[in-house]
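Here is the structure we will look at.
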Amino acid sequence: MDIVLEICDYYLFDKVYADVFPKDGAVHEFLKPAIQSFSQIDFPSLPNLDSFDTNSTLISSNNFNISNVNPATIPSYLFSKIASYQDKSEIYGLAPKFFPATDFINTSFLARSNIFRETLSLFIITTIFGWLLYFIVAYLSYVFVFDKKIFNHPRYLKNQMSLEIKRATTAIPVMVLLTIPFFLLELNGYSFLYLDINECTGGYKAILWQIPKFILFTDCGIYFLHRWLHWPSVYKVLHKPHHKWIVCTPFASHAFHPVDGFFQSLPYHLYPLLFPLHKVLYLFLFTFVNFWTVMIHDGSYWSNDPVVNGTACHTVHHLYFNYNYGQFTTLWDRLGNSYRRPDDSLFVKDVKAEEEKKIWKEQTRKMEEIRGEVEGKVDDREYVEQ
């Protein structure tokens with residue numbers, strides 16, 4: 001995110017923060033006592049890990065024995081451990097990397113590297129970008145791809161699209177807020193994100209290899225998180241709002257409970273904390289993920305690929321609840337015995353109206369059986385056909 005944040009700081013935020021939060025301005029004077037009090041807090045020091053005497057302070061290299069623990073040194077040890085993972089050259093805001101310094105770079109008491117400024121900037125940028133990406137991609141899919149015959153499906157809801165949009169637009173800012181800590185870790189050097197492409201970083205071959213690694217890692221993570229979200233106690237609280245949509249439009253793609261959306265995004269944020277990932281590819285993959293999320297909700301069935309977890313597979317998940325939890329592939333569903341092959345009827349084009357009604361009626365019958373098992377007898381949805 002440092003690339004995006006520096007672009008925004010250079011073209012907009014440096015001046016905005018200088019105007020709204022100037023040094024020695026009213027806000028600064030008001031906050032000075034709190035800032036001074038905060039700066040006087042005696043935080044644990046960050047000792048050099050290489051010189052840390054683990055034998056005499058916290059833990060023996062061979063044993064963990066309570067007699068070896070000195071409680072006073074635990075905070076210092078933990079802080080030093082955390083600090084050892086930090087790449088200080090990647091800390092954002094200490095010096096410009098991609099653009100020259102602006103005239104306003106040092107005129108706000110909230111410097112570029114200030115964690116409160118980073119949090120506010122990230123929230124604004126990511127929320128606006130999330131809304132734009134959601135509306136643009138979902139709208140284009142709705143206009144050019146989405147099969148609007150789905151409006152006649154007996155399990156399409158009253159005012160469904162407006163409900164989907166309302167749910168998504170209110171969820172996105174909360175999902176952003178929940179994921180900001182991961183962006184802050186990246187901005188402060190606690191990730192394996194990098195920019196230079198050379199022999200030391202593996203060159204372009206490494207970048208090409210990162211794409212399938214990212215897909216496979218996140219596909220695995222989302223599968224298990226998604227299955228957990230279908231545990232009855234968790235489903236009722238978090239995941240049921242997304243299953244309100246039995247048949248979907250592209251606008252259902254981000255219509256989650258925000259905590260549900262946060263959990264399903266965790267693998268995307270964990271990957272760069274664990275594995276090397278090029279910064280530009282990182283931005284591309286996050287954009288791709290949003291495209292994919294819209295695509296699997298667009299109701300257009302182009303392929304019945306046995307490997308790719310496409311639109312048809314995800315339609316089966318919304319119709320029949322307990323199948324096809326994967327995001328990109330069918331691998332983990334096959335291994336976890338939760339794969340359900342999409343019905344051939346989904347791929348038949350130019351179906352006559354009467355035949356389509358029979359197909360939908362059979363879908364509804366099967367769906368109601370499983371829905372009753374998952375949610376109970378009471379269905380609080382309001383369908384068009386009621």
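The backbone N, Cα and C atoms fix where each Cβ goes, and this holds for glycine too.
Pulled from Swiss-Prot, these are the features on record:
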TRANSMEM  120-140  transmembrane segment
TRANSMEM  172-192  transmembrane segment
TRANSMEM  206-226  transmembrane segment
DOMAIN    214-337  domain 'Fatty acid hydroxylase'
MOTIF     226-230  motif 'Histidine box-1'
TRANSMEM  272-292  transmembrane segment
MOTIF     314-318  motif 'Histidine box-3'
Study note, to complete from the structure: Sequence-distant residues near the motif 'Histidine box-3' (314-318) by C-beta distance (under 8 Å, 6 or more away from its ends) are 243, 245-248, 296-297, 299, 301, 324-325, 340, 342-343, 346
**Study point:** Reported mean pLDDT - the motif 'Histidine box-3' (314-318)
**Key:** 95
Practice item. State the residues, same chain only, that lie 6 or more residues beyond the ends of the transmembrane segment (120-140) and have a CB under 8 A from a CB inside it; answer 'none' if no residue qualifies. Key: 1, 4-5, 8-9, 13, 168-169, 172-173, 175-177, 179-180, 183-184, 249-251, 253-254, 287, 290-291, 294
Review point. Mind checking how the motif 'Histidine box-3' (314-318) divides into helix, strand and coil residues in DSSP?
Key: 5 helix, 0 strand, 0 coil
Practice item. Over the span of the domain 'Fatty acid hydroxylase' (214-337), count residues by DSSP class, listing helix, strand and coil in order. Key: 81 helix, 4 strand, 39 coil
